[in-house]
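The domain 'Anoctamin transmembrane' annotation in TrEMBL covers 209-628. Residues or ranges marked as transmembrane segment in TrEMBL: 209-234, 240-261, 314-337, 357-379, 400-421, 433-455, 503-526, 554-577, 593-615.
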Amino acid sequence: LEGMFKLSSWLGCSEFTPLVALELVSDTKEEAITWLLQRIRDKQRNGGAELLVEQLRPGLGVQEKQNPNLFLIGASLQRLLSGAEDLGLFKEFNDGSMRGFTCTNKQNFKDFQGDGDGFLSVAECQYIIKHELDTLRAKDESHVPGHTQAKLYPGKSIIRRLLSKGIMVQMFPLHQKEELKRLTFSWYKKVKLSLQPLGKIQCNYEGQALYFGFLEYFTFALIPMALIGVPYYLFDWDDYDKYVIFAVFNLIWCTVILELWKRFSATLAYRWGTLSRKKAFEEPRPGFHGVLGFNPVTGREEPLYPNAKRQLRVYCVSLPFVLLCLYGSLYVMMIYFQMEGWALSLHDEDPTFWTGVLLFIPSIIYAVVIEVLNLIYRYAAEFLTEWENHRLESSYQNHLILKVLVFNFFNCFASLFYIAFVMQDMVLLRQSLATLLITSQILNQFMEAFLPYWLQRRRNKKMMRRVTKMRTQEDKELPIEEQVRLEADMSTYLGTFDDYLELFLLFGYVSLFSCVYPLAAVLVLLNNITEVYSDAFKMCRVFKRPFSDPASNIGVWQLAFEAMSVIAVVTNCALIGMSPQVKAYFPESDMQLILWTVAIEHGLLAVKFILTFLIPDVPKPIQIQLAKLEFESLEALKKKVNTWGMFSVI
């Protein structure tokens, strides 16, 4: 692994490449440390992980007390290759197809040269090591040595137990310094109008690359909306025909881009080898608790929690709480309309420049309150979802996403729906949409770009002194001890949840009501461009490097965006039906207008679902490659079965 830190000079071994750092609490018992290191080093046949591990020595010239229990973990090249085979990593074959890696067939893979050095990316190596550590199982130990309160159960993950009992502080992958320099230069240090280096991003941040791919795709998809929106905005907006035409284009746009994204996503996932990768068996979350019993699937002893009790918590506590929060959001919205009415009355009595400015103040205050409510609710939703005690991380994430999406959608868009379809005031709708969108973007840029960096400086001045030292000595190698402790002090990356949520809300602003404010697409486009640079900076400089979490698609967020596009069809059809030009065709019967609007809306939804069915999610060439791979796997299995049959006969 070219460019990684070499510790041979002070570890006394010929070659050791640290890939992962593991930190235990400073008061961990010596016997617990010895036991854990032994289990990590033990051969696989003895129940160990067969990895290389050494303790990090104290930093040079440091006066303050440091935690001595920081350990560096690596692996031999052969161990990494066997781990890649165990995980079923897909790599490019000589014929250009993506196939599961096997050591026996390694010479037939495209980039495998010599002994295989450089064949696996650093992110893949770290993912393999994390998997091996996570699958390190307790044997006959009743508890962690020296910590009688930390009970162990045969077959259960040791690492997860150490985390849940607070013995382990953290485990994180290390940055590769030279590769990080090249990535930052091509990603965000040069301001240029070009594509992101998704290949390099995937090699360093495999789990987050699909998010950056979606961010880039969404940004380019906004260009047609922005190009059409600017001239529309520059003309006289009293003519309602412009709303109707733009709304029709909006309907087509929000349907087509999501269908094309699924194909682009499948192409990226296939190229990165995650489209056909098998999901590992999901272990219980570290925070999951219950009465000790036997898992009927694995046969292992582990905590069990009645599903009926969990459902009671969901429907009798969480659901009423969410409804109460929605009512609170509705109450805040009515206060906003009272403030809006008060500002309007002042302007009508005395129409001056200052009373004109005052008209925007209620919307700005309301936009700030929306962001504050979203933040408070997020913490409450996390607490409730944790309290529901979900066994699996995927179940926990799905319940959390559902809670947050429902509240954020209602909190952000309820006032716009009220103005559009109850008040039917298009001027106020345009003003409110513009104010909410601009204010939320300013707040998000502050929260995402400036606040994390400022908090990092405030929390850890020592770390920032080291960063300054790095910047003033760019050509000098930072000692490995300093580099690891520097990264250990960085904030932990919490995943792409908030990033996808922000894009979901921005997609809502564009697809739902941009026909009355066509500059919405322009503002979101500019926001996304700055988002690329701020997210890149945070990934490289503010947060610890996250472990890979390979994904074949964006998961439940795809359903969320598609649900938003369905709502957009209904909303835009209703706006078209409210236009004076359309109403002129039904001068005597409002009921006929409503029926025609509903009929057209149902027809468009039918067309949308037909398009979903007709446009395949996976491009045809990739479908053929996957089918060939499946056929060859079945043929190989048949040969194995026939061979075993011949031996059994003999």
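Cβ coordinates come from backbone N, Cα and C, glycine included.
All TrEMBL annotations are machine predictions without curation.
With respect to Cβ pairs under 8 Å, the transmembrane segment (357-379) is most closely packed against 400-421, considering the stretches 209-234, 400-421, 503-526, 593-615. Contact between the transmembrane segment (400-421) and the transmembrane segment (209-234) is not supported, since fewer than 3 Cβ pairs fall under 8 Å when only residues 6 or more apart in sequence are counted. Ranked by the number of CB pairs under 8 Å to the transmembrane segment (240-261), the listed stretches 209-234, 503-526, 554-577 are led by 554-577. Tertiary neighbourhood of the transmembrane segment (503-526): same-chain residues 214-215, 218-219, 222-223, 225-226, 228-230, 232-233, 243-244, 246-247, 250, 253-254, 405, 408-409, 412-413, 416, 420, 426, 429-430, 433-434, 436-438, 440-441, 557, 560-561, 564-565, 567-568, 571-572, 575, selected by CB-CB distance under 8 Å and a gap of 6+ residues from either end. With a cut-off of 8 Å between Cβ atoms, the residues of this chain six or more beyond the transmembrane segment (593-615) that come close are 251, 255-256, 259-260, 262-263, 565-566, 569-570, 573-574, 576-577, 582-583, 585-586. Only residues 6 or more beyond the boundaries of the transmembrane segment (209-234), in the same chain, are considered here, and those with a CB under 8 A from a CB of the stretch are 195-196, 198, 201-202, 242, 246, 249-250, 253, 257, 261, 264-265, 268-269, 272, 496, 499-500, 503, 507, 510, 514, 517-522, 524-525, 528-529, 531-532, 535, 551, 553-554.
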